Each structure stands twice: as C-alpha cells, then as structure tokens.
Amino acid sequence: MKRYHIIFKGRVQGVGFRFQVKILADRIGLTGSVRNLYDQSVEVYIQGNDNQLMRFFKGLENINFAIIESKNIFEVPLDEAETSFEIVY
C-alpha cells in the first residue's frame, strides 16, 4: 500500500475534474480525497496498492474537459483509518 499527495495544475477547476477523479478512484477501490485549492489547482490524496495506483494514473489520461498541465506527486504516510474517497468542499 502507498499513499500519494498530488497537486494538479492546468484547467482543472470548473470542468468536473473532482467528480471524475472520484468516479475513477471509486471504480478502482482507492481511498483518499480531492479538493480545489485557491490558486486554481486541485489537490488529491490517493491511497491503494501498486496495481490500483497504476490504473488510477493511467485513467487520468481519459478524464474529459480537464487539461492537466503539470502534476507534483509526493509519497506520504498511509492513513490506516481512511475507508473511502471523498470530494472535500
């Protein structure tokens, strides 16, 4: 199991990006969260096994309407208490 903190920059707000990330994470069985940041970027915490995470990153290529210009990915400690993937408002 691994957990990543990811910051997405580009056209990622106002285009359904958070909703599509949640659908993707739920479909794969990942836990974590997604939220908009004030600088127009989107923050994601994502947790799962190597295969799930590989599928998540591959699935990001098929997200509609968003244009990901960059992503900064940091491995962070696991959150053992986390049980679902949530959109944070």
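In case you wondered, yes, glycine gets a Cβ from its N, Cα and C as well.
Heads up, TrEMBL stuff is auto-annotated, nobody curated it.
The domain 'Acylphosphatase-like' annotation in TrEMBL covers 3-89. Residues or ranges marked as active site in TrEMBL: ARG18, ASN36.
For the domain 'Acylphosphatase-like' (3-89), the DSSP-based tally of helix, strand and coil residues reads 25 helix, 35 strand, 27 coil. Comparing the active-site residues ARG18, ASN36 on other C-beta atoms within 10 angstroms of each C-beta gives the minimum for ASN36. As a whole-number mean, the pLDDT of the domain 'Acylphosphatase-like' (3-89) in this prediction is 98.
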